[in-house]
Amino acid sequence: MTSKVPVFRLDDLKSGKVLTELAEAVTTKGIFYLTESGLVDDDHTSARETCVDFFKNGSEEEKRAVTLADRNARRGFSALEWESTAVVTETGKYSDYSTCYSMGIGGNLFPNRGFEDVWQDYFDRMYGAAKDVARAVLNSVGAPLAGEDIDDFVECDPLLRLRYFPEVPEDRVAEEEPLRMGPHYDLSTITLVHQTACANGFVSLQCEVDGEFVDLPTLPGAMVVFCGAVGTLATGGKVKAPKHRVKSPGRDQRVGSSRTSSVFFLRPKPDFSFNVQQSREWGFNVRIPSERTTFREWLGGNYVNMRRDKPAAAEAAVPAAAPVSTAAPIAT
């Protein structure tokens, strides 16, 4: 583990025992490891194995049934290389070399009842931990939240995604394309990330800390916490939203480089509003031509091209699904 990233126990965050240390971490780095979160390895393992089994063994018909044609939706299944963080952030044209499943509060698409039972329980447990972390982060910097109570603020519109990063092919090794997923900050208040380690020891996840990207290895019993752009906006610029990325392995580490990450974005309510010019001054790419905008509008403009274009035949095979509730807008 890099010495630049602190580690906190959830109980210590909730009790205020490490209030000063937490405030320093979120205002200067925007990242820390979280231990004793209330979730145990079995919680993560069950959700991960259920999802990866579907990725590997689900039929094409089953996958089409939980794939939305709506380019803006973040629900259900996204096939390998269907998304591109690099295109959205204007840092490249390469795809995210991963397969993904997403769910939220409502409008979900589950492959079967067993999958739904496992994932609904996992979602609820991650949501509880994320709210506890967000309360601690916001309290540590004395966030005013424009008069809104913190408990009300964290009852919001979260998103849970599991990404499976398979071993990369020869044309996606680091010598050909350095990244599996482009550098980005999260559109969330905070984000919880539970990652599995690559079997060959390669560390794929990195975060920008003190001006350089540092490795974020898997720690037993720990999750990574990223502070997101909404955390910055909600605290008047106090909380830092760091950029992070996923590296590609070199040719000598290609075999054994598969990994997963369960990512829980604590996103605000869709009508969360903020000052556009101020957000730009804090480094966020908000191009909406108005003085103020909402989280819903920001997502709609910023992530419309998250899903990469596919051949017409492939797109035609994806049926249009029922519209997702407006309480569940586009994903990070």
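Using the three backbone atoms N, Cα and C, a Cβ is placed for every residue, glycine included.
Swiss-Prot names H184, D186 for binding Fe cation. Of H44, H244, the residue it gives for the same site is H244. The binding-site residues under consideration are H184, H244. Their Cβ neighbour counts within 10 Å are lowest for H184. Following the DSSP three-state reduction, the secondary structure of D186 (Fe cation binding site) is coil. Confidence over the domain 'Fe2OG dioxygenase' (155-268), given as mean pLDDT on the 0 to 100 scale, stands at 95.
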